[in-house]
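What follows is a short report on a single structure.
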């Protein structure tokens, strides 16, 4: 028998925590309708997959994937409700808004993967086209279209509604917009319906159903089975073209980038903040997208030493809060220091130091473990160096020698002649500051001759 801990808190499993969060979401009455639509979606998807197998139609399979995407959108809506219920925690200080961004990104990427799978199957069917049975093809088309439109128009999906409006338009929306402008030029009364930006999900549902209706008619009239594969490719391309801009937009949000349409507004606000009373400089500003429609940012503000920190903080926050919902402002006062000025005669001991001060130098590595040619540690197992230079004085300890030449513009101080041998034996000497104007570098153990040109030292 193990030790029994009476007051130990039991650890919940992952499924236990998931069930607890699901109960939290299910307690809201708004989520009941989403759960009901989710159950209906699973039923319709099951029937559609069976009809796809019986009709042997890949176009109907591609259209059924849109129903599966509706199931992902319903799950994203539930996640959005859960995010609104949860409060920020010490671990997730910015809240859980990025979770719904991740849900949108995952849903759109899975839809594109399904479209790529359809394209791969369609390429194989072009080599050997099977026979298509149209008994339930038209029924399955209308069932899928009715459920998709009813789901999109009945439930307000906040994340997908925002992404569909903020993301760039797809090629399908652009072509439909061109046709709508041409049609509204003939019938001006339709401008209120067709000219605004159409919902991409409703548009792809209508376009896919139209492609399936043409497939049914051509197969019934001429037994042209290859049109089913062509319709599947068209539906897959429309799905990929519709989901790709949404994936790009949500991916940029996950990468914490600044939206291009707010850069100009942010620059204007920063200029206004820099002109406030007491503000000297605004620097290290960083703004990024936290979630759909919410910006986060941080900024450092340098103010005068006599300015009121709380007053400046209130004004800066008031200006930036109109655009940045989650803002961190760090206020610090000016830290410049007034330099001290010296007046009066300078003492003599400031210019003259004793000439016998010795500054210890850290000894270099011994020559026993170095290569005298290349001044690199020699390893028994390492190959010889590729290049070697016969440079004298490579392993010598540097010393600083006093420039003994007197200058006519000196301070009138006497310069004694210091022999080189004593300086080299001494190590590193520090002469008086007032007694020297320059330094030279010498080396110990320096060879007496470097070549045939041997100059005699000047007296």
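In case you wondered, yes, glycine gets a Cβ from its N, Cα and C as well.
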Annotated range (TrEMBL: transmembrane segment) out of 225-244, 245-264, 265-284: 225-244
Stated TrEMBL location of transmembrane segment, expressed as one of 8-29, 96-117: 96-117
Candidate ranges 163-181, 182-200, 201-219 [criterion: TrEMBL lists as transmembrane segment]: 201-219
Stretch contact, the transmembrane segment (137-155) with the transmembrane segment (225-244), Cβ-Cβ under 8 Å, 3+ pairs: no
Annotated stretches the transmembrane segment (96-117) and the transmembrane segment (32-51) touching (3 or more Cβ pairs under 8 Å): no
